[in-house]
Amino acid sequence: MKFNKRSIIKFLLLLGVTYLQLSMCASAQVKGKKPSHNVSLFSQRDTTDVKNKDYVEHIEKAFLEISEIQEKISVPVNRQNAINILKTEELINIINASIKLHSQINARDLQLYLKLLNNSEREQNRLKTDNFKLDTIFKSARKSLYDISADPVLAEIASVMSIQDREKLNSLSGRWASLDSIIAERISLIDQQGIQLSTINIQLKDLQKQTRDLLFESNIATFKKTNAKPNNSSGSGGVITQSQINAKIVGMYMQDNLFLFVFLPILLVSIVYYWTNRKVRFVKDKVTDTYLSSVFSEGIFMRPFTHITFMVLNLVPLLDLNTPSFYQFLIQSLSVFMFVKMLDKQERKKYGKFYLGFFALYIVILFLNAQNFTVVHKVVLTIVSISTAVIAVILMSKGIIKNNVQKTYGIISLLIILTTLLSLFCLFTNRVLVSYNLIYASIVCVLQLICLFKVKDIILDLLKLQMLQRRLKLAIDNTVNTSNMVSNLSKPLNISVYIFCSISFISNLNLYVALESLIDAIMDLPINIGSIHITAGSIIYFIIIVFIAHFIRKHIGYVFGNVGIEEEDEKFEQSSLVITRLLIICLGYIIAVAASGLPVDKITVVLGALSVGVGMGFQNIVNNFVSGLILLFERPLKIGDNVQINGKSGRVKEMGVRTSTLQTDEGAEVIIPNGTILSQDIINWSYKNNKRRVELSYSIKSSKNAVQLEAFIVNCLVQIEDVLSFPKPTVLFDTVSEEDFKIRIQFWFKDSGNFEKVMSNTKSFLYTELKQNEMFVQ
């Protein structure tokens, strides 16, 4: 706690006055004492000053301890915790009112109830932990405060001093009383909050059980026969209706996830649009429109904002599968209309009516009351079911879907037809809820399939744009072959789309909770390996994250301009790509270990024990690994360089963290450990530039003099395409006679990798020119 000058001066004056008062009291007591009967030859020194000093030190100690306690309890009241408690109580009251209405609650809404209750339970557990910490702090402070009051020396001081003198210590006693009052008040509030949290926790547990029971009953009731009855959904005379409760639940859900569903999409759209717009402008200045139209879809250049918004709008819901029905309807509506808007005029004219017609079926199925149905409802469900199958099969064979499901078109069409037949069978056997859920799930699944395949195409277009812009920036070429990237990424992206649509289909069949329970049971299976106790989920999480890390590592090269074709990728250096891949793998394994919850401490002990035994065996591996990092950062050589290492000459084909690959002129690939490279002298013909100087020796018989011969040879050399005119070729004469010359020709050429080809062309050209001019090479 900080003290100002005024409080320090006041405290010092208090100590001084106290010391004087205690001295006077002690002196008075000494004077008033009667002489003792024990007379000694030795006189004792008066200890009054020592005792007064002890008193003052205790007063100072009490003052400082009270100040420390005041600093210790200076914890501000967390208003947000109180707001969270009120929100939880409101949620409990709303869900409790919904259950007490005894009306049919949609299974998807029940899933949302259960999710909100689980989130609230986690929040309440956090609040209980905070409450316990505060309770410990304030009770410890109260104990310390009471220990000060129980100090016997302070009690003795109070008994020695007169009433008038004790009043001068009122500031100390007043601070103690004030602090005691604050602590008592805060402890009372903490106890009240603890009781409130315990009550809320009991209510949450009870509502979770009731919601799970309702979900189970809903799933069982779905497969029961339903007798036709008139629709009596007249307005209720109650204070609150189920629709009003659902609206409040959706409002609370959106408020809790405001960042996820509002701010995050806006932020992502802004960032990606800015990034895309910059690259589009750069590429348009360098490449013709004809080439762009042959590689990219038209929309990414004409309407980038619409495409990016559509992509983000369909990707954000993947972060939370238990969204409210209203939110799902809103996303589907916006997505379908934006999708039709993004079609070009010809496609919109051909297929737009099918997409809008399919969306109309979605609207119809939403407005059908599957709980209180009539014969008319059954007829409408039959028409919707058949129409869904027909339009879905047509859409699968046309437009954007056709390009993505060419290999799986038969399987998807068969599944749609089987689902339709099953829904009709359930409908005719009076299992209307099953039929309704099948039709609804099929329509939503097909709509999501259409939208996510469009999202996949947008993602591929953005990767193509990045690849082309990178290569243009490095001045490699103004075209890019993206076929390899598309073929490599299409399959995993398609699998991701199918997985999400399958989960969505199961969720809309009201079987998501059952599937989630099954997955949780599998993930919680215990696995014991000696003293290490883990679960199946830990291993599954670890494998999935490591697989994703390796997948990203393999394909991250597309972001750096790689096209996956060796001859093309050799055109620019890739040290930064190798470092990025190394970082991705390291981060992947770190995240995998952290997310899986593996017992790192026990694994570390095992690895430490193993390292003692195999340390010497790993010495070379570690040496090569560290050497690889040094080569990547210092860059004495890079991919494509013409080098000579350890007696081997060739071109650097690949650089890894442990080994590098050298391709010789004969076509052999020499794999050299990085430790060997770093410990050897490296001759790099391409380190700063790719030029190389060579020397040819000739013995020429000619009637020309030395000056004429030199000018003639230099003129011949500069005519050769690969020979550089600067530095200028030189001719050195070793022997000069009347018609015989022994010379050395030195010249530079621009591509050291074509040494043998340049030498061959130069010798052939010189021999031809010399012979034609009656100069003979001996």
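Using the three backbone atoms N, Cα and C, a Cβ is placed for every residue, glycine included.
The shown structure was predicted, so the numbers you read here are calculated from the model rather than taken from an experiment.
Per TrEMBL, the features are as follows:
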{"type": "SIGNAL", "residues": "1-28", "note": "signal peptide"}
{"type": "TRANSMEM", "residues": "258-276", "note": "transmembrane segment"}
{"type": "TRANSMEM", "residues": "300-319", "note": "transmembrane segment"}
{"type": "TRANSMEM", "residues": "355-373", "note": "transmembrane segment"}
{"type": "TRANSMEM", "residues": "379-397", "note": "transmembrane segment"}
{"type": "TRANSMEM", "residues": "409-433", "note": "transmembrane segment"}
{"type": "TRANSMEM", "residues": "439-463", "note": "transmembrane segment"}
{"type": "TRANSMEM", "residues": "495-515", "note": "transmembrane segment"}
{"type": "TRANSMEM", "residues": "527-552", "note": "transmembrane segment"}
{"type": "TRANSMEM", "residues": "578-600", "note": "transmembrane segment"}
{"type": "TRANSMEM", "residues": "606-633", "note": "transmembrane segment"}
{"type": "DOMAIN", "residues": "620-686", "note": "domain 'Mechanosensitive ion channel MscS'"}
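Across the range of the domain 'Mechanosensitive ion channel MscS' (620-686), the DSSP-based residue counts are 21 helix, 25 strand, 21 coil. Long-range neighbours of the transmembrane segment (258-276) within the same chain, counting only residues 6 or more positions beyond its ends whose Cβ lies under 8 Å from a Cβ of the stretch, are 300, 304-305, 308-309, 311-313, 316, 319-320, 327, 462, 465. By number of Cβ pairs under 8 Å, the transmembrane segment (527-552) is matched best by 578-600 from the list 439-463, 495-515, 578-600. Contact between the transmembrane segment (379-397) and the transmembrane segment (578-600) is not supported, since fewer than 3 Cβ pairs fall under 8 Å when only residues 6 or more apart in sequence are counted. Counting same-chain residues at least six beyond the ends of the transmembrane segment (300-319), those with a Cβ under 8 angstroms from any Cβ of the stretch are 260-261, 264-265, 268-269, 272-273, 276-277, 280, 284, 292, 327-328, 331, 334-335, 338-339, 341-342, 448, 451-452, 454-455, 458-459, 461-462, 465, 500. Mean pLDDT for the domain 'Mechanosensitive ion channel MscS' (620-686) in this predicted model: 80.
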